[in-house]
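Annotation source TrEMBL lists signal peptide at 1-20. TrEMBL lists 31-144, 157-294, 374-473 with the feature domain 'Plastocyanin-like'.
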Amino acid sequence: MRLHLSVALICATLFSIAGAEDPYRFFNWNVTYGDIFPLGVRQTGILINGQFPGPDIHSVTNDNLIINVFNNLDVPFLLSWNGVQNRRNSYEDGVYGTTCPIPPGKNFTYILQVKDQIGSFYYFPSLDFHKAAGGFGGIRILSRPRIPVPFPDPAGDYTVLIGDWYTSNHTDLKAHLDGGNKLPFPDGILINGRGPGGASFNVEQGKTYRLRISNVGLQNSLNFRIQNHKLKLVEVEGTHTLQTTYSSIDLHVGQSMSVLFTADQPAKDYYIVVSSRFTTPVLTTTTTLRYSNSAGPVSGPIPGGPTIQIDWSLNQARSIRKNLTASGPRPNPQGSYHYGLINTTRTIILSNSAGQVNGKQRYAVNSVSFVPADTPLKLADYFKIDGVYRIGSISDRPTGGGIYLDTSVMNTDYRAFIEIVFQNDEDIIQSWHLNGYNFFLVGMDGGQWTPASRNGYNLRDAVSRCTTQVKTQHLWSFFVHLKNKV
């Protein structure tokens, strides 16, 4: 049996509903336009049930999520579930290649199960640059009551959605891109949909809190920090990590993680700061951490953070390791799955590039710039419609040739354990996401990949995650088990 793996990295997910023994949670969402003012400028936002950002999804391992989405926009709409492993069938992925868009005035019911998952994730709209207008929100998957968690219950558990933002409407940004141009520099950074000083987090002195942070922006890596407080990393996209303490932490586009902090400072207000990484100038926004017995407002300079230092970010990424003795979604330790002892059966190297095609800015993987087909690939595959895509239309190695347009689809084997290398030869950081799967991030290095690069792989305690950054002129390697069917 073969899998069809598109360069959009759309992989197998779940379609069938689990047995009746697992709880069901039902959601009815109305998607509409509405005026928003996140940076003080009126613009058209995409609201879910009147909210920007959209409502959080709270769930527990193995829950069935029935999400009925009514599209009240004037254009088709789709939601994608960043990090949710939709097993057995990718039709619920919520991206154009696998899921039919929801027509204006119609509805679609997503049927998801967060089977054998815990952690912090988010959802976002995947069509027509809608993400630049909102429509995103947090997803949290709690452990079942009998499953031990490697830290005490926090006094509070907050979703923190951070991202770069534009005051231009998403339709104008889309037209700018469709005109063959690159995105301009952002106008600011939002924290939970608000600009500088627009949000606050309330805490009680002496208590510990959990922050589930996701970078829901469009293109910029961000650094998160709290004035005079330390951040203890405890979870990355469903993996409990070694509990390393940082003064600040980088989140790249699409990434999610959980940190703990203790309100152990004198009772007053403190800055929460988010700033852009690897940009000139540096964008910065703040919100307030407010003690319940605060004796005064924020004071002193806004605490600085890393700016253009790539090695700082690389070393921090390398320090993030799996907690081998902690339970994950099941009671057995996370380290009981010995991924480093499984033989890989294939190596795929994916290299990104950028250039002009027919006078327009295009981006490519192994020289192929993806063109959506008129028919979603899943439907073409299911109904055996010829001429929609061509298997093997992209090489599994960089070709070194010029960029060309195609609906790129690559074959992989069902249940194979494969090695994928992301090679970034561009001068900007790239984020890569694997829909419907987690992967073991085993290698990070500079230069070009060779078989000798495997000598530096982490085959013991690499984190399993769904989104990773690849630095400029660097390569990242990971293992993925293709245990799901299309």
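Including glycine, each Cβ sits where the backbone N, Cα and C put it.
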May I have the DSSP-based helix, strand and coil counts for the residues of the domain 'Plastocyanin-like' (31-144)?
7 helix, 54 strand, 53 coil
What are the DSSP helix, strand and coil residue counts for the domain 'Plastocyanin-like' (374-473)?
12 helix, 38 strand, 50 coil
Would you mind splitting the domain 'Plastocyanin-like' (157-294) into helix, strand and coil residue counts from DSSP?
9 helix, 69 strand, 60 coil
Looking at the domain 'Plastocyanin-like' (31-144) alone, can you tell me the average pLDDT?
94
